[in-house]
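A.B. asks: There's a structure below that I have some questions on.
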Amino acid sequence: MAITTQQLIQFKQQGRSIVALTAWDYAIAQLLDAAGVDIILVGDSLAMVTLGYPTTLPLTLDEILHHAKAVRRGVKRAFLMVDLPFLSYQESPQQAMHSAGRVLKEAGAQAVKLEGGHPVMVDTVGRLTAAGIPVMGHIGLTPQSVHQLGYRQQGKSAEAGERIFAEAIALEQAGAFAMLLEHIPMELAARITQKLSIPTIGIGAGSHCDGQVLVTADLLGLSERLPPFAKSYANLRQVITQAVQDYSHEVREGQFPAES
Ligand code: KIV
């Protein structure tokens, strides 16, 4: 049975840390699912790590749907969630409804994630959840606003921290079932986590969140550069380069294929 929103909320109540990772294709999704990851996110970071765009902004809804459908085919147990790309939901609540609807209908996702805690976005989250579409909020550093925020840590001043705190509460009240906290001070993330009844999933937000997410390309050592808060648990760039060099050498030396 696939994990549900209710189970994720129960995990928080039980103090069981939630493990989340991103995926962009069938093979990666199958591996993460079989390894027991709780949430698989088809994040718009795939724009940068998989498609080579300089930011997440160029990614289209059709592009992320293409990847999300492949991920869906690889996931049996994990909770599957998909990011709404830049300008697929900000224009109007109707646009958000249409985009989120496509993500659920065409890719079989269980939820969408969207960025921002401005009252306009809170209203959109309220309308989506009223229509039965589970939404995860995403506040703090929101990469779709890179031209306003850069990639700097957010919520450092008391005033900025209070704004993010208020956004978290407003999004929960609007019906969000979970909250992604990106690159904010640990103490602020801890306060938000304590205040909310829904689970917080942190990235660059310290150890007091209800769960953690990493971009899988960073975890595997596939990314060219890592954000300061990420950790690599493998170096696949090195493994792949070595394998390709070994293969090239054997082909050129006539060692592959062997007689046998
Ligand atoms: O797009 C993404 O990968 C994200 C990360 C913050 C997990 O949203």
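One is the number of the first residue shown, and numbering goes on along the chain from there.
Glycine is treated like the rest: Cβ placed from N, Cα and C.
Because TrEMBL annotations are produced automatically, they should be read as predictions rather than curated entries.
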A.B. asks: Out of Asp25, Asp83, Asp210, Asp218, which one does TrEMBL list together with Asp44, Glu115 for Mg(2+)?
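C.D. replies: Candidate in the recorded Mg(2+) site: Asp83.
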A.B. asks: Reduced to three states, what secondary structure does DSSP give Glu182 (active site, proton acceptor)?
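C.D. replies: The residue in question, Glu182 (active site, proton acceptor), is strand (DSSP, three-state).
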A.B. asks: On the three-state reduction of DSSP, what should I expect for Asp44 (3-methyl-2-oxobutanoate binding site)?
C.D. replies: coil
A.B. asks: Starting from the Cβ centroid of Asp44, Ser45, Asp83, Lys113, which together make up the recorded 3-methyl-2-oxobutanoate site, report each further residue of the same chain whose Cβ lies within 8 Å of that point, ordered by sequence.
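C.D. replies: So the extra residues in range turn out to be Thr22, Leu41, Val42, Gly43, Leu46, Thr56, Ile64, Val82, Leu84, Pro85, His138.
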